[in-house]
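Note sheet for the following structure.
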Amino acid sequence: MSQDYYQILGVSKTANSADLKKAYHKLAKQYHPDNAAAGDTNAEKKFKEINAAYEVLKDEQKRAAYDRFGHDAFQNQQARGGAGSQGGHPFGADINDIFGDFFSDFMGGGGRRKPTSSKVRGSDLKYNLTINLEEAFHGVEKNISFSSEVKCDTCHGSGSEKGETTTTCDACGGVGATRVQQGFFMIEQTCHKCQGNGQIIKNPCKKCHGLGRYHKQRNLSVNIPAGVENGTRIRHPGEGEAGIRGGNNGDLYVDIAIKPHDIYKVDGANLHCKLPISFVNAALGGEVAVPVIEGGKVNLTIPAGTQNGDQLRLCGKGMSKIRSTIRGDMLAHVHVEVPKNLSKRQRELLEELRGESANEKENDGSFFNKMKSLWS
């Protein structure tokens, strides 16, 4: 068995990247051709071995492959992959090509890139849809209109005239790419003849010009489920743009925006509203009819002594929830209204009430009396 890369660098198999780098720099400096004696071929050979070892071990993926398959297997693959290459690369071939073939052979591949398909998946589309709060509560079906690429109905997405077939590109052998030698490296580039498709259409469809799709205005009915929230995204599989030359369609994403409501403010599944009541109802209590999101009104009990800013809750009268029979609550925020214009009789009654209230305050040592005593 030949000396492996760890032995060449003089490090253990558990060496970290810092140890590898330190060992490499030390040895590279020692055996660099500029520092070697004239005619010392051993130094040049050693220098190449050091570079080859470091090129593999400094790369985590390549090092993992080397550790897994062993030095001899790697060397055998190098011998096959390096035949006919030029440029004086330490491995005699592009390191990426070597490892590409290396993995292919061990995983059952043949070292050749598989032919590419000319089919390309269509792009996804996004549509912004605005609905009102009632529609969000009940759910709604909406008709939307948008422009997109659709499958050609003449060639049925193939890109060829009726009855015509595609042929494999003779420039790239159907892989969609060709390789060009540039210095030490083998560069892969898109095939100029088939534009990366791997196939040649000899007689393109006149309607879609060989793409298998064309631009069209579309109308689509979309279902918005009850309980959607502002910002909900709904996916419609296969309703995006048609693929190229028979490729799969993309998806359509509908983003929901809910318009602000005149009465309600939304907080998750709960609804908040302002509830104006008279100061008489606030003091004495009673019932008021309040509108609800599903339509109509329900009676809400006002407890006696309700204060301005109090919250009154109607359980189960909020928004729907997606895939649930449970609803949120409605919270009414009390706003006590004080009349600005009083009749003579109303004024007399309030004056009478004020007199009685003053007597009560004096007897119970109220806050107002305590304040009064501070200033007396």
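Positions of Cβ are set from backbone N, Cα and C atoms, glycine also.
Annotated domain 'J' per Swiss-Prot: 4-70, in sequence order. Taken from Swiss-Prot, the feature zinc finger covers 139-217. Per Swiss-Prot, repeat 'CXXCXGXG motif' is recorded for 152-159, 169-176, 191-198, 205-212. Annotation comment: Swiss-Prot describes Cys152, Cys155, Cys205, Cys208 as Zn(2+) 1 binding site. Under the heading Zn(2+) 2 binding site, Swiss-Prot lists Cys169, Cys172, Cys191, Cys194.
Taking the features listed in Swiss-Prot, we show where each one sits on the structure.
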residue : record                : Cβ contacts under 8 Å, 6 or more apart
Cys152  : Zn(2+) 1 binding site : Gly159, Cys205, Lys207, Cys208, Leu211, Gly212, Arg213, Tyr214
Cys155  : Zn(2+) 1 binding site : Glu161, Lys162, Cys205, Lys207, Cys208, Gly212
Cys169  : Zn(2+) 2 binding site : Gly176, Cys191, Lys193, Cys194, Asn197, Gly198, Gln199, Ile200
Cys172  : Zn(2+) 2 binding site : Thr178, Cys191, Lys193, Cys194, Gly198
Which residues, in sequence order, are found in the same chain with Cβ within 8 Å of the centroid defined by the Cβ atoms of Cys152, Cys155, Cys205, Cys208 at the Zn(2+) 1 site, excluding those residues themselves? Thr154, His156, Gly157, Ser158, Gly159, Ser160, Pro204, Lys206, Lys207, His209, Gly210, Leu211, Gly212, Arg213, Tyr214
Zn(2+) 2 site shell beyond Cys169, Cys172, Cys191, Cys194, criterion: Cβ within 8 Å of Cβ centroid: Asp170, Ala171, Gly173, Gly174, Val175, Gly176, Ala177, Thr178, His192, Lys193, Gln195, Gly196, Asn197, Gly198, Gln199, Ile200
With DSSP, how much of the repeat 'CXXCXGXG motif' (205-212) is helix, how much strand and how much coil, in residues? 0 helix, 0 strand, 8 coil
Provide the three-state DSSP residue tally for the domain 'J' (4-70): helix first, then strand, then coil. 47 helix, 0 strand, 20 coil
Least buried of the binding-site residues Cys191, Cys194, Cys205, Cys208, going by other Cβ atoms within 10 Å? Cys191
Per DSSP, Cys172 (Zn(2+) 2 binding site) is which: helix, strand or coil? coil
Suppose you look only at the domain 'J' (4-70); what would the mean pLDDT be? 83
The repeat 'CXXCXGXG motif' (191-198), counted residue by residue under DSSP: helix, strand, coil: 0 helix, 0 strand, 8 coil
